[in-house]
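Beneath this line is the structure, given in structure tokens, with notes to follow.
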Amino acid sequence: MKTAQFYIFFFCWKAIWCNGCVLTNITISVEREECEFCISINTTWCSGYCHTRDLVYKEPIRPNIQKACTFREFVYETMSLPGCANQADSLYSYPVATACHCGSCDTDSTDCTVRGLGPSYCSFNERKE
């Protein structure tokens, strides 16, 4: 019986902590309207699960804050868009997460929508010459 309890405890622990909020490599599409094409770049962002709960009875004293996997720290990297050299502004800065945590989503710096356009959205299908 103790062996079964251990395995149940172990798998619950693994499900909660091993799938937590971690740095993840993603590919995003970068576009500049003047250049009329997109390129894909690799960056790091936060992804994973955070323990959260939704209260049945809402209390005004205790706010109901849903936690999401979001960045704790990030830096901006800048690159020059290839094929856009004749343009005045061929530089593009993008965020790179360096640390993650479970916390409330900061709408000032993050798209907190449930269904956004996604990181691979591009308004230009192919390069125009």
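The backbone N, Cα and C atoms fix where each Cβ goes, glycine too.
Residues or ranges marked as signal peptide by Swiss-Prot: 1-20.
In sequence order, Gly20, Cys21, Cys46, Ser47, Gly48, Tyr49, Cys50, Cys100, His101, Cys102 are the residues of the chain that are 6 or more apart from Cys69 (disulfide bond) and have a CB within less than 8 Å of its CB. A strand conformation is recorded for Cys69 (disulfide bond) in the three-state DSSP classification. The disulfide bond annotation in Swiss-Prot covers Cys21-Cys69 (among others).
The Cβ of Asn25 (N-linked glycosylation site) lies under 8 Å from the Cβ of Asn42, Thr43, Thr44, each of these being in the same chain and 6 or more residues away along the sequence. Swiss-Prot lists Asn25 (among others) with the feature N-linked glycosylation site.
Swiss-Prot lists Cys35-Cys84 (among others) with the feature disulfide bond. In this structure, Cys35 (disulfide bond) belongs to neither helix nor strand by DSSP; it is coil.
Swiss-Prot lists Cys38-Cys122 (among others) with the feature disulfide bond, giving similarity to another entry as the kind of evidence. A simple way to gauge crowding: the CB of Cys38 (disulfide bond) has 20 other CB atoms within 10 angstroms, across all the protein chains here.
Annotation source Swiss-Prot lists N-linked glycosylation site at Asn42 (among others). Around the Cβ of Asn42 (N-linked glycosylation site), 9 further Cβ atoms fall within 10 Å across all displayed protein chains.
Taking the Cβ of Cys46 (disulfide bond) as centre and 10 Å as the limit, one finds 21 other Cβ atoms among all the protein chains shown. Per Swiss-Prot, disulfide bond is recorded for Cys46-Cys100 (among others).
Per Swiss-Prot, the feature disulfide bond maps to Cys50-Cys102 (among others); the stated evidence is similarity to another entry. Other Cβ atoms within 10 Å of the Cβ of Cys50 (disulfide bond), summed over all protein chains shown, number 17.
What Swiss-Prot records for Cys105-Cys112 (among others) is disulfide bond, and it gives similarity to another entry as the kind of evidence. Counted within 10 Å of its Cβ, the other Cβ atoms near Cys105 (disulfide bond) come to 16, all protein chains included. DSSP gives Cys105 (disulfide bond) a coil state; it is part of no helix or strand.
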